[in-house]
Amino acid sequence: MKFEVIKKDGNARRGILTTAHSVIQTPVFMPVGTVGAVKSLDAFDMSEILDAKIILANTYHMYLRPGSKVVREFGGLHGFSKFDRSFLTDSGGFQAFSLRSNTKNDDGGIKFKSHIDGSTHYFTPRSVLDTQYELGSDIMMILDDLVALPAEPKRIDLSIKRTIKWAKEAIDYHKFMQSKGVGLQQNIFGIVQGGTDYEARKFCAEALNEMPFDGLAIGGLSVGESNEAMYDTVEAVMPFMDELRPRYLMGVGTPEDLVENVERGVDMFDCVMPTRNARNGTLFTSFGKINIKSAKFINDHAPIDPQCQCYTCKRYSRGYLNHLFKARELTFFRLASLHNLHYYLNLMKEMREAIEVGEFAKFKRNFYAKRSTDEL
(Lines of atoms letter the chains of each structure in order from A; the text may use other names.)
(Lines give C-alpha, C1' and ligand atoms only; values in the text may rest on other atoms or scores of the structure.)
Protein backbone atom coordinates (compact mmCIF):
# COMPACT_ATOMS: atom_id res chain seq x y z
CA MET A 1 0.00 0.00 0.00
CA LYS A 2 1.14 3.51 -0.75
CA PHE A 3 -0.21 6.74 0.74
CA GLU A 4 0.78 10.24 -0.25
CA VAL A 5 -0.54 13.60 0.92
CA ILE A 6 -0.45 15.83 -2.14
CA LYS A 7 -2.03 19.00 -0.74
CA LYS A 8 -2.93 20.52 2.62
CA ASP A 9 -5.31 23.37 3.40
CA GLY A 10 -5.03 24.10 7.09
CA ASN A 11 -5.32 20.65 8.65
CA ALA A 12 -7.46 19.26 5.81
CA ARG A 13 -5.51 16.82 3.63
CA ARG A 14 -5.83 15.78 0.01
CA GLY A 15 -4.16 12.44 -0.65
CA ILE A 16 -3.88 9.32 -2.77
CA LEU A 17 -4.11 5.83 -1.25
CA THR A 18 -3.09 2.95 -3.51
CA THR A 19 -3.86 -0.70 -2.76
CA ALA A 20 -3.52 -3.84 -4.86
CA HIS A 21 -7.04 -3.30 -6.20
CA SER A 22 -7.61 0.44 -6.65
CA VAL A 23 -6.31 3.97 -6.45
CA ILE A 24 -8.33 5.83 -3.83
CA GLN A 25 -8.57 9.62 -3.70
CA THR A 26 -8.74 10.93 -0.15
CA PRO A 27 -10.52 12.14 1.86
CA VAL A 28 -12.80 9.21 1.07
CA PHE A 29 -16.12 7.84 2.29
CA MET A 30 -16.41 4.04 2.29
CA PRO A 31 -19.92 2.62 1.78
CA VAL A 32 -20.71 -0.16 4.24
CA GLY A 33 -21.29 -3.64 2.83
CA THR A 34 -21.68 -5.46 6.13
CA VAL A 35 -22.14 -8.97 4.71
CA GLY A 36 -20.14 -8.43 1.53
CA ALA A 37 -22.76 -6.31 -0.23
CA VAL A 38 -24.04 -2.78 0.29
CA LYS A 39 -27.72 -3.27 1.11
CA SER A 40 -29.90 -3.34 -2.06
CA LEU A 41 -26.89 -2.72 -4.35
CA ASP A 42 -24.55 -5.03 -6.26
CA ALA A 43 -21.00 -4.78 -7.55
CA PHE A 44 -22.11 -3.15 -10.82
CA ASP A 45 -23.98 -0.44 -8.91
CA MET A 46 -20.96 0.21 -6.71
CA SER A 47 -18.31 0.31 -9.42
CA GLU A 48 -20.07 1.37 -12.63
CA ILE A 49 -22.83 3.65 -11.34
CA LEU A 50 -21.32 5.08 -8.14
CA ASP A 51 -17.63 4.59 -9.02
CA ALA A 52 -16.81 3.68 -5.42
CA LYS A 53 -13.14 2.74 -5.05
CA ILE A 54 -13.40 1.04 -1.66
CA ILE A 55 -16.14 -0.46 0.49
CA LEU A 56 -16.22 -1.90 4.01
CA ALA A 57 -17.22 -5.44 4.93
CA ASN A 58 -17.63 -6.81 8.43
CA THR A 59 -15.42 -9.57 9.79
CA TYR A 60 -17.88 -10.54 12.54
CA HIS A 61 -20.75 -11.12 10.12
CA MET A 62 -18.68 -12.82 7.41
CA TYR A 63 -17.07 -15.08 10.02
CA LEU A 64 -20.45 -16.24 11.30
CA ARG A 65 -22.11 -16.53 7.90
CA PRO A 66 -21.13 -17.93 5.44
CA GLY A 67 -17.73 -18.37 7.15
CA SER A 68 -14.40 -16.99 6.00
CA LYS A 69 -13.27 -20.36 4.67
CA VAL A 70 -16.26 -20.41 2.31
CA VAL A 71 -15.40 -16.90 1.12
CA ARG A 72 -11.77 -17.93 0.59
CA GLU A 73 -12.88 -20.74 -1.75
CA PHE A 74 -14.54 -18.13 -3.98
CA GLY A 75 -11.35 -16.08 -4.17
CA GLY A 76 -11.94 -13.91 -1.12
CA LEU A 77 -14.35 -11.00 -0.92
CA HIS A 78 -13.40 -9.79 -4.39
CA GLY A 79 -14.23 -13.08 -6.08
CA PHE A 80 -17.25 -13.73 -3.89
CA SER A 81 -18.92 -10.33 -4.41
CA LYS A 82 -17.45 -9.52 -7.85
CA PHE A 83 -16.51 -6.07 -6.57
CA ASP A 84 -12.98 -5.87 -7.94
CA ARG A 85 -11.86 -2.71 -6.15
CA SER A 86 -10.67 -2.34 -2.56
CA PHE A 87 -12.21 -3.83 0.58
CA LEU A 88 -11.57 -2.75 4.15
CA THR A 89 -12.67 -5.21 6.82
CA ASP A 90 -13.23 -4.22 10.43
CA SER A 91 -12.25 -6.61 13.18
CA GLY A 92 -15.62 -7.32 14.75
CA GLY A 93 -14.81 -5.40 17.91
CA PHE A 94 -17.61 -2.91 17.34
CA GLN A 95 -20.16 -5.68 16.84
CA ALA A 96 -19.03 -7.25 20.10
CA PHE A 97 -19.55 -3.84 21.70
CA SER A 98 -22.99 -3.27 20.18
CA LEU A 99 -24.10 -6.78 21.21
CA ARG A 100 -22.41 -6.46 24.59
CA SER A 101 -25.19 -8.21 26.50
CA ASN A 102 -23.85 -11.36 24.80
CA THR A 103 -20.12 -10.57 25.09
CA LYS A 104 -17.33 -10.55 27.64
CA ASN A 105 -13.96 -8.91 27.12
CA ASP A 106 -10.84 -10.15 28.89
CA ASP A 107 -7.13 -9.51 28.42
CA GLY A 108 -6.90 -12.19 25.74
CA GLY A 109 -9.79 -11.13 23.53
CA ILE A 110 -13.56 -11.04 23.21
CA LYS A 111 -15.92 -13.91 23.99
CA PHE A 112 -19.34 -13.60 22.38
CA LYS A 113 -22.45 -15.48 21.42
CA SER A 114 -23.59 -15.56 17.81
CA HIS A 115 -26.69 -13.47 17.13
CA ILE A 116 -27.64 -16.16 14.59
CA ASP A 117 -27.68 -19.38 16.60
CA GLY A 118 -26.37 -18.55 20.07
CA SER A 119 -23.11 -20.46 19.61
CA THR A 120 -20.09 -19.23 21.59
CA HIS A 121 -16.98 -17.81 19.91
CA TYR A 122 -13.75 -16.12 20.99
CA PHE A 123 -12.01 -13.41 18.98
CA THR A 124 -8.31 -12.81 19.66
CA PRO A 125 -5.85 -10.43 17.99
CA ARG A 126 -4.55 -13.35 15.93
CA SER A 127 -7.85 -15.04 15.11
CA VAL A 128 -9.43 -11.92 13.64
CA LEU A 129 -6.42 -11.54 11.34
CA ASP A 130 -6.68 -15.20 10.32
CA THR A 131 -10.29 -14.54 9.35
CA GLN A 132 -9.33 -11.42 7.41
CA TYR A 133 -6.52 -13.26 5.59
CA GLU A 134 -9.18 -15.66 4.32
CA LEU A 135 -11.49 -12.80 3.38
CA GLY A 136 -8.63 -11.27 1.39
CA SER A 137 -9.39 -7.64 2.22
CA ASP A 138 -6.97 -4.91 1.20
CA ILE A 139 -7.05 -3.24 4.62
CA MET A 140 -7.49 -5.21 7.85
CA MET A 141 -8.40 -3.66 11.18
CA ILE A 142 -6.95 -4.99 14.42
CA LEU A 143 -9.01 -6.13 17.39
CA ASP A 144 -9.55 -3.30 19.88
CA ASP A 145 -11.28 -2.87 23.22
CA LEU A 146 -14.14 -0.42 22.74
CA VAL A 147 -16.05 1.17 25.63
CA ALA A 148 -19.40 2.94 25.77
CA LEU A 149 -19.38 6.64 26.58
CA PRO A 150 -19.44 8.13 29.11
CA ALA A 151 -16.96 5.75 30.75
CA GLU A 152 -15.15 5.72 34.08
CA PRO A 153 -11.41 6.58 33.91
CA LYS A 154 -10.56 3.10 35.19
CA ARG A 155 -12.41 1.48 32.27
CA ILE A 156 -10.78 3.81 29.74
CA ASP A 157 -7.35 2.98 31.16
CA LEU A 158 -8.07 -0.73 30.82
CA SER A 159 -9.32 -0.19 27.27
CA ILE A 160 -6.16 1.52 26.05
CA LYS A 161 -3.89 -0.98 27.79
CA ARG A 162 -5.71 -3.87 26.15
CA THR A 163 -5.83 -2.12 22.78
CA ILE A 164 -2.06 -1.46 22.85
CA LYS A 165 -1.35 -5.04 23.96
CA TRP A 166 -3.58 -6.45 21.21
CA ALA A 167 -2.02 -4.08 18.66
CA LYS A 168 1.46 -5.40 19.45
CA GLU A 169 0.25 -8.99 19.19
CA ALA A 170 -1.46 -8.22 15.87
CA ILE A 171 1.46 -6.45 14.22
CA ASP A 172 3.92 -9.14 15.32
CA TYR A 173 1.60 -11.85 14.01
CA HIS A 174 1.10 -10.03 10.72
CA LYS A 175 4.86 -9.77 10.19
CA PHE A 176 5.21 -13.47 10.98
CA MET A 177 2.43 -14.46 8.57
CA GLN A 178 3.86 -12.30 5.80
CA SER A 179 7.22 -14.03 6.30
CA LYS A 180 5.32 -17.25 5.53
CA GLY A 181 3.84 -15.74 2.35
CA VAL A 182 0.39 -14.97 3.81
CA GLY A 183 -1.28 -11.57 3.43
CA LEU A 184 1.48 -10.07 1.31
CA GLN A 185 -0.93 -7.66 -0.40
CA GLN A 186 -2.96 -6.99 2.74
CA ASN A 187 -2.41 -3.96 4.94
CA ILE A 188 -3.08 -3.52 8.63
CA PHE A 189 -4.38 -0.48 10.54
CA GLY A 190 -4.09 0.18 14.25
CA ILE A 191 -6.96 1.69 16.23
CA VAL A 192 -6.57 4.50 18.77
CA GLN A 193 -8.92 4.22 21.76
CA GLY A 194 -9.32 6.38 24.86
CA GLY A 195 -12.88 7.65 24.94
CA THR A 196 -13.03 11.43 25.24
CA ASP A 197 -10.01 11.48 27.57
CA TYR A 198 -7.40 13.47 25.64
CA GLU A 199 -4.44 12.15 27.61
CA ALA A 200 -5.58 8.56 27.13
CA ARG A 201 -5.97 9.18 23.39
CA LYS A 202 -2.51 10.75 23.23
CA PHE A 203 -0.95 7.83 25.11
CA CYS A 204 -2.61 5.26 22.85
CA ALA A 205 -1.78 7.15 19.64
CA GLU A 206 1.88 7.55 20.56
CA ALA A 207 2.15 3.85 21.41
CA LEU A 208 0.62 2.82 18.07
CA ASN A 209 2.80 5.31 16.17
CA GLU A 210 5.79 3.25 17.28
CA MET A 211 4.41 0.15 15.56
CA PRO A 212 4.69 -0.34 11.78
CA PHE A 213 0.99 -0.09 10.95
CA ASP A 214 0.05 0.96 7.42
CA GLY A 215 -2.54 3.38 8.77
CA LEU A 216 -4.15 4.51 12.01
CA ALA A 217 -7.82 4.75 12.93
CA ILE A 218 -9.70 6.62 15.62
CA GLY A 219 -12.19 4.22 17.17
CA GLY A 220 -14.66 4.51 20.00
CA LEU A 221 -16.43 7.70 18.90
CA SER A 222 -20.03 8.23 17.80
CA VAL A 223 -21.01 5.86 20.63
CA GLY A 224 -22.99 8.22 22.84
CA GLU A 225 -20.93 11.40 23.13
CA SER A 226 -22.08 14.78 21.77
CA ASN A 227 -20.96 16.04 18.37
CA GLU A 228 -18.86 18.69 20.07
CA ALA A 229 -17.13 16.07 22.22
CA MET A 230 -16.39 14.00 19.11
CA TYR A 231 -14.95 16.94 17.19
CA ASP A 232 -12.89 18.12 20.17
CA THR A 233 -11.51 14.61 20.73
CA VAL A 234 -10.50 14.23 17.08
CA GLU A 235 -8.85 17.65 17.16
CA ALA A 236 -6.99 16.78 20.36
CA VAL A 237 -5.63 13.43 19.15
CA MET A 238 -4.75 14.41 15.59
CA PRO A 239 -1.35 16.01 16.38
CA PHE A 240 -0.22 12.68 17.83
CA MET A 241 -1.15 10.58 14.78
CA ASP A 242 1.58 10.06 12.19
CA GLU A 243 1.12 12.50 9.29
CA LEU A 244 2.65 10.04 6.83
CA ARG A 245 -0.07 7.43 7.34
CA PRO A 246 -3.79 7.57 6.45
CA ARG A 247 -6.11 8.51 9.30
CA TYR A 248 -9.47 6.78 9.52
CA LEU A 249 -12.39 7.87 11.72
CA MET A 250 -14.50 4.77 12.22
CA GLY A 251 -18.30 4.73 12.00
CA VAL A 252 -18.78 8.44 11.30
CA GLY A 253 -21.17 9.90 10.24
CA THR A 254 -23.52 12.68 9.11
CA PRO A 255 -22.57 15.04 6.25
CA GLU A 256 -21.74 17.63 8.89
CA ASP A 257 -19.49 15.13 10.68
CA LEU A 258 -17.59 14.50 7.45
CA VAL A 259 -16.99 18.20 6.82
CA GLU A 260 -15.95 18.92 10.41
CA ASN A 261 -13.54 16.01 10.60
CA VAL A 262 -11.99 16.51 7.16
CA GLU A 263 -11.22 20.01 8.42
CA ARG A 264 -9.44 18.39 11.36
CA GLY A 265 -7.28 16.13 9.19
CA VAL A 266 -9.22 12.85 8.79
CA ASP A 267 -8.71 10.96 5.50
CA MET A 268 -11.16 8.04 5.65
CA PHE A 269 -14.73 7.51 6.88
CA ASP A 270 -17.43 4.84 6.90
CA CYS A 271 -21.02 4.83 8.11
CA VAL A 272 -24.29 2.99 7.49
CA MET A 273 -26.20 6.28 7.61
CA PRO A 274 -26.67 6.95 3.88
CA THR A 275 -28.08 3.51 3.13
CA ARG A 276 -30.00 3.08 6.40
CA ASN A 277 -31.61 6.49 6.04
CA ALA A 278 -32.42 5.74 2.41
CA ARG A 279 -34.33 2.60 3.35
CA ASN A 280 -36.29 4.63 5.92
CA GLY A 281 -37.20 7.36 3.42
CA THR A 282 -34.75 10.07 4.49
CA LEU A 283 -32.79 11.42 1.53
CA PHE A 284 -29.79 13.78 1.62
CA THR A 285 -29.63 16.87 -0.58
CA SER A 286 -27.43 19.94 -0.95
CA PHE A 287 -30.04 21.91 0.99
CA GLY A 288 -30.64 19.40 3.79
CA LYS A 289 -32.62 16.20 4.34
CA ILE A 290 -36.04 15.45 2.87
CA ASN A 291 -38.58 12.96 4.14
CA ILE A 292 -39.79 11.36 0.90
CA LYS A 293 -42.67 9.73 2.83
CA SER A 294 -44.36 13.12 3.26
CA ALA A 295 -47.69 13.62 1.50
CA LYS A 296 -46.43 16.91 0.06
CA PHE A 297 -44.32 14.95 -2.44
CA ILE A 298 -47.21 12.92 -3.94
CA ASN A 299 -47.58 15.24 -6.96
CA ASP A 300 -44.00 16.57 -7.00
CA HIS A 301 -42.44 16.24 -10.47
CA ALA A 302 -38.99 17.48 -9.38
CA PRO A 303 -36.02 15.18 -8.74
CA ILE A 304 -34.87 14.62 -5.16
CA ASP A 305 -32.27 17.38 -5.61
CA PRO A 306 -32.30 19.52 -8.79
CA GLN A 307 -28.53 20.00 -8.42
CA CYS A 308 -27.80 16.25 -8.16
CA GLN A 309 -26.45 14.27 -11.12
CA CYS A 310 -27.01 10.80 -9.67
CA TYR A 311 -28.66 7.90 -11.49
CA THR A 312 -31.91 8.39 -9.57
CA CYS A 313 -32.20 12.17 -9.87
CA LYS A 314 -31.58 12.10 -13.63
CA ARG A 315 -34.50 9.69 -14.12
CA TYR A 316 -37.13 9.80 -11.40
CA SER A 317 -39.36 12.28 -9.59
CA ARG A 318 -40.05 12.79 -5.92
CA GLY A 319 -43.65 11.79 -6.64
CA TYR A 320 -42.59 8.43 -8.08
CA LEU A 321 -40.25 7.73 -5.16
CA ASN A 322 -42.97 8.71 -2.69
CA HIS A 323 -45.24 6.15 -4.38
CA LEU A 324 -42.58 3.41 -4.36
CA PHE A 325 -41.88 3.93 -0.67
CA LYS A 326 -45.54 3.82 0.33
CA ALA A 327 -46.07 0.70 -1.79
CA ARG A 328 -43.02 -0.88 -0.09
CA GLU A 329 -41.67 -1.60 -3.54
CA LEU A 330 -38.13 -3.02 -3.31
CA THR A 331 -37.02 -0.82 -6.21
CA PHE A 332 -37.24 2.13 -3.83
CA PHE A 333 -34.42 0.81 -1.66
CA ARG A 334 -32.04 0.66 -4.62
CA LEU A 335 -32.94 4.06 -6.07
CA ALA A 336 -32.83 5.79 -2.67
CA SER A 337 -29.54 4.12 -1.72
CA LEU A 338 -27.95 5.09 -5.04
CA HIS A 339 -28.95 8.69 -4.43
CA ASN A 340 -27.75 8.91 -0.83
CA LEU A 341 -24.43 7.23 -1.59
CA HIS A 342 -23.91 9.48 -4.60
CA TYR A 343 -24.54 12.45 -2.32
CA TYR A 344 -21.90 11.24 0.17
CA LEU A 345 -19.32 10.36 -2.48
CA ASN A 346 -19.88 13.65 -4.28
CA LEU A 347 -19.55 15.56 -1.00
CA MET A 348 -16.11 13.99 -0.57
CA LYS A 349 -15.21 14.93 -4.16
CA GLU A 350 -16.22 18.54 -3.53
CA MET A 351 -14.08 18.64 -0.39
CA ARG A 352 -11.09 17.19 -2.27
CA GLU A 353 -11.48 19.85 -4.95
CA ALA A 354 -11.73 22.61 -2.33
CA ILE A 355 -8.56 21.43 -0.60
CA GLU A 356 -6.71 21.29 -3.93
CA VAL A 357 -7.33 25.00 -4.56
CA GLY A 358 -6.91 26.09 -0.94
CA GLU A 359 -10.57 27.01 -0.45
CA PHE A 360 -11.79 24.54 2.15
CA ALA A 361 -12.89 27.31 4.54
CA LYS A 362 -15.01 28.84 1.75
CA PHE A 363 -16.46 25.44 0.92
CA LYS A 364 -17.43 24.90 4.55
CA ARG A 365 -19.16 28.29 4.78
CA ASN A 366 -21.16 27.59 1.63
CA PHE A 367 -22.00 24.06 2.79
CA TYR A 368 -23.65 25.33 5.96
CA ALA A 369 -25.19 28.44 4.37
CA LYS A 370 -27.43 26.47 2.00
CA ARG A 371 -28.44 23.69 4.40
CA SER A 372 -31.52 23.53 6.57
CA THR A 373 -31.12 21.77 9.91
CA ASP A 374 -34.75 20.61 9.74
CA GLU A 375 -36.03 17.66 7.72
CA LEU A 376 -37.88 19.09 4.72
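Any Cβ shown, glycine's included, is placed from N, Cα and C.
According to Swiss-Prot, C308, C310, C313 bind Zn(2+); the candidate from H174, H323, H339 that the record adds to this site is H339. Binding site for substrate per Swiss-Prot: D90, S91, G92, G93, F94, D144, Q193, plus G220 from the candidate set G36, G118, G220, G224. Cross-referencing 65-69, 100-104, 130-134, 275-279 with Swiss-Prot places the feature region 'RNA binding' at 275-279. Under the DSSP three-state reduction, D270 (active site, nucleophile) is assigned to strand.
Taking every pair among D90, S91, G92, G93, F94, D144, Q193, G220, the residues listed as contacting substrate, the largest Cα to Cα separation comes to 15 Å. Among residues of the same chain six or more beyond the region 'RNA binding' (275-279), those with a C-beta under 8 A of the stretch's C-beta atoms are 31-32, 38-41, 289, 333, 336-337, 339-341. Residue counts for the region 'RNA binding' (275-279) under DSSP, split into helix (H, G, I), strand (E, B) and coil, are 5 helix, 0 strand, 0 coil.
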